[in-house]
Every structure is written in C-alpha cells, then in structure tokens.
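Undergrad: The following block contains the structure, expressed as structure tokens.
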Amino acid sequence: MRNTARVLRYAFASAMADLRATYTWKSWGLAWLLRMLFQVTLFAFIGKLIGDPRVVEYLVIGNSVFITADVVMLVCASTSWERMSGTLPLLVASPAAPFTVFTGRSAQWLLDGLACSTISLLVLPPFLGVQLPLGTRLAVVPLIAVIAVSVYFFGLVLGGLALRAMAARNLIGRVGSIGLMLLTGVQVPVSFWPTPLESLAQLLPLTHGLGAVRAALGNGSASDVLRGIALEVVVGVGWALVAAFTYWRLTASGRRDGTIEFGG
Amino acid sequence: MTTAAVRVRGLTREFTRRRAQPRLALDAVDLTVEEGEVHGLLGPNGAGKTTLCKILSTVLLPTSGTALVNGFDVVRETKQVRQGIGIVFGGERGLYTRLTARQNLMYWSALYQQPTRVAKARVAELLERMGLLERADDAVETFSRGMKQRLHLARGLIGDPRTLLLDEPTVGMDPVAARDFRSLVAELRGEGRSILITTHDMAEAESVCDKVSLIDGGKVIGTESPRTIGGWMSKYERVRAQGVPEEVRAKLRALPGVSEVRVEDDEEVLVSVDAEGAAARVLRTLVDAGVSAVSTSRPSLEEVYLHVIGDRGLAVR
Ligand SMILES: Nc1ncnc2c1ncn2[C@@H]1O[C@H](COP(=O)(O)OP(=O)(O)O)[C@@H](O)[C@H]1O
Ligand SMILES: [Mg+2]
C-alpha cells in the first residue's frame, strides 16, 4: 500500500516534470488557457445568437466544466507516449503494477484541466452577461475536481486501448472527448437524445457531476447536488475498475502475442 | 549449490503471423549462465537474441520449454524474477527524454520499490559512476548517444539486480563510447553480478565475456571460450589489395589456407583464408610482389558461422 503510494507519487512527479517541459507559464497562459477560454466564449455566442439568456448560462457552465474533461482526456494520448518512448517493456518488466504507474503518469492533466475550468468560471460569466455569485462559482470547484478524476479513469481505459491500437490512438482520444461533449449534457440536456444514448450517458463520467454543478449554480437543492456528485463518484469508481482490468489485460495479452517490443 | 543466474531448457517461441507461416524465433534453446559470469550471446540479426531477452525479462511468454532467472520461473514467478533483474537495450529509446537524468532514475527507483532516502543516495552514486553527475539535471533529450546509453545502464542498475540482461547495448555507439561501456560491464562483473549480453560483434564478445554462446536461426549452436572467438577472427581474416597482377593472384590461390581469391568490380582483390597464419602468408606474398595497397579486415559473423558450422558438419538452419 505504501509502495503503491510512492509509485503514484513519483509517477506523478514525472508527470509534472513532463508538464513543465511542455509549457512555460507564459505559453500555458497565452496559448493553452486562452484557447480554452475562446472555446467557451464561442459556444456562449451561439447561445447569444439564439437570444435566450438561459441558454447562454447553460452553455457557459457546461463548456467551462467541459474544459476539464477535454484537458483530462489528454491522458489517452500521454498514455500512448509510453510505447513511443520505448519504456513500455521496461515498465512491464519492473516490479510495479502498470495500472498504478499509468494512473500517476498522466495526472498532470487533472491539475491543468481544473485550473483552466476554474479560471473560466471565475473570469467569463461577467463578460458574457451571466449573473452568478462569485461565492457559488468558487464552491463548485471541488465538484469539478471529482469530475476530473472520474473522466481521468475513463480516459485511462481509452489510453489502454490506444496502447493496443497505436495507429488509432489520436482518433480514440478525440472520439472519447467529442462523445463526452455531445452526450453528457454539456451543450444540450441529456434528455435531448434518444433513449439508448440517454442511458449510455448515465454510464459516462461528467453526466452526473455536471448535473450537480448545474444544481449548485442554479436553484437545485442540496440533495440534488449530493446525489449528482455521489453518482459521479460511483461512475468514476466503475471506470477505475475497468481501467485496472484493461491494463492487466494489456500486459497479459502483450506477453502472449509479443507486442511489447524492446526499444519499440 | 548456487543457483544459476539463467537456466533455459528446451525454450521455444513461435510467432504466428498474418497471412504467413508461423515463425520459429527460438527453437529448443538450452543455455546456462552461471552466477557471476558474463555470458555472451553472439548471433547475427534475426538469430533470436532479443526474443530470448524478452522471455527472460518476463515481457514475452515462451511457447514451450522453461526458463529460470535467479532460480525463479519467468512464467509463474514473474514478481520474483522482476525484482532480481535489470534490463538494458541498445539504441536511443527507453528513456523519458523530456525529464532530466536524475528525474528518470528517481522515477524508476520508485518503481523498484526503494525508500526515497535510499533512492536519492543510489541515484547520486549511479550518476557519478556513469560520469553523468554534471549533466544530472539536464533534460535527457540534450544528451549524446553514449550518455543516453550510460543512463540506460544506470537505470538498469537502479534495483541493484543480481542479474543483468543487456540486449545489444553498444549498438550504434561510437568506438570510444562502446569501449567505455565495456569497461563498465567488466566492473559490474567485479561486483559479482551475472550478465547476459547479446551482440553481433565478435570483438565485443571476445573482449567482455567469460563464455560465449553462438546463436543462429533460433538455435544455440554451441558455447565457446572468448579465446576461440578471437582465434576465429584471425583464422578467417580477410585481406584486400589493389593492383594485384594476374600471376600474383594465381600464387595467392596456391597458398595453403587460402579459401578464396575474389576479384571485385573495382579490380580490388579480396582474399579469404581459413587457417591460422594464412593471412600472414598472403600479406607477405603481396608485399614481396610489390603490391602496396593492402589492408586486412575482420570476417563477418555470417562468414565465420558458415565456416564453423561447416567444419562441424552441422546443417545450416
Ligand atoms: N513480434 C514478432 N512477430 C513476428 N516475428 C517476430 C517477432 N519478433 C521477432 N520475430 C522474428 O523472430 C526472429 C528472431 O528475432 P529477434 O529475436 O529480434 O532476433 P535478434 O534480436 O537476434 O536480431 C526474427 O526472424 C524475427 O523476424
Ligand atoms: Mg535484437
């Protein structure tokens, strides 16, 4: 147990080192964050075209929270880097469990995504004419953190698939991300979709958590918020179990068919 | 009784391939690496060296046969096997290039379950030993090939393994870096570690190994002393010369121990020998005839294998 914690910690430390090597504060703020804020603003303007302030509010909240999911879904790509860097066989041959390592290895995105969402929620609503008290906007940040974690495990599952099908790795990540954006109540309510898709949405991360955020920011009751976030946790744990199984399978079948290449 | 570092019996690995016959990468291989020994696995490309290393490092399952590392079974006792081995393969890959050397090593030390305090000291010691201390906090992507390879070796040593598996570790290195690397291997042997090192370079096998097993087409042909390998390199040496008149060529052909005198496109003559001292006779003959553009080169591994296998009356493949 203590060992697992240390593996997680160091895997996370290298994830952060990776992040620092990818961005400087300036490039993060000027390129990455701005891009995310533009994305939210763009969708808000669609709401303005429709001319209903409630739609604008719906879109600003949905898209601000979705930033976290969008960034966290990069776990799918960064997981597949492990094969490109040639470290996969070394990882499998080490005494550590690949699932633990992969869980820590991309956790930089959790912080990155959460930071982008928080800033979006703090900065954008006043500009876009959405009236939300600052206090409640800050109060939903912990809810978004829960969402980030459940999306993360979902992304880890897709990352495990990407490791098996490297040619499709970017496609898998994009489809996952767009799927979440369309189905989980970001742009349109979940009830907009035909029943099968609506049911699917109940199993996806983000759906229930975003519901909780909307309840907290609107006039939902405390029990609505709690129920939503509890369901988000349940969904997150479910995906964590699927992820653990995915990485166990990845190693087992890789050993059998010889796809864990030395230096490749 | 001490357990052998590596004990392989009847090890076979078949790869199934799409729209093609299955490929037998290893064919009933027997191999023993005694404790404290540097054992070379010498073979040309495609011989099965990497396949064997992968099986020993638990990332590939054998089709049949058994393999024990430090006395543990690579199929059933993966946990114990993994704790006792270090793996190094050649080439640029296998490192996190955006991280620094120190970050790479700290990361792996956590994976090898070392307490942080121990890890810090061990990482510093390994960096020092590999001559990387000054660049310890630079990103690995700024390193030269030789430095990356030394970091790779440091990484392989992070768990203080009893047995090291080195798969063509010096491939692509410049001669100086390769020589340094070999002296590190000799040091590790001095610490009592057992080492299996694969190579296609006879000179490398001769210079670092206690024993050398020859592998080709997935089969181990035999195990020899490095001396014998060295002997083959001189026995089957090649002599190249330019501007050799026809009558001198005839003379060369008649010399004892000369197996072939071939004229290449550019009028260069290539003389192959298959007896001790024959190369010296060829050189003397050429010099006596006034031919001055003369050089010698080592035989290729494939040529030597043809001779050796032929001499022993074994069928190739
Ligand atoms: N994953 C694989 N699928 C199919 N064939 C493979 C695979 N890995 C290796 N082989 C084949 O097995 C043989 C031995 O390969 P390898 O062990 O890599 O040789 P070496 O390391 O000695 O160059 C080669 O013919 C190679 O093409
Ligand atoms: Mg190889």
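In case you wondered, yes, glycine gets a Cβ from its N, Cα and C as well.
Note that TrEMBL annotation is computational and uncurated.
So TrEMBL lists the following for this protein:
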{"type": "DOMAIN", "residues": "A:24-216", "note": "domain 'ABC-2 type transporter transmembrane'"}
{"type": "TRANSMEM", "residues": "A:28-46", "note": "transmembrane segment"}
{"type": "TRANSMEM", "residues": "A:58-80", "note": "transmembrane segment"}
{"type": "TRANSMEM", "residues": "A:109-128", "note": "transmembrane segment"}
{"type": "TRANSMEM", "residues": "A:140-163", "note": "transmembrane segment"}
{"type": "TRANSMEM", "residues": "A:175-193", "note": "transmembrane segment"}
{"type": "TRANSMEM", "residues": "A:229-248", "note": "transmembrane segment"}
Undergrad: Do at least three C-beta pairs under 8 angstroms join the transmembrane segment (A:140-163) to the transmembrane segment (A:58-80), pairs 6 or more apart in sequence?
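TA: They are in contact.
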Undergrad: Which residues of the same chain, at least 6 past either end of the transmembrane segment (A:28-46), have a Cβ under 8 Å from a Cβ in it?
TA: 56, 59-60, 62-64, 67, 70-71, 112, 115-116, 119-120, 123-124, 127-128, 130, 187
Undergrad: Same chain, outside the transmembrane segment (A:229-248) by at least 6, Cβ under 8 Å from its Cβ: which residues?
TA: 97-99, 102-103, 143, 146-147, 149-150, 153-154, 156-157, 160-161, 203-209, 212
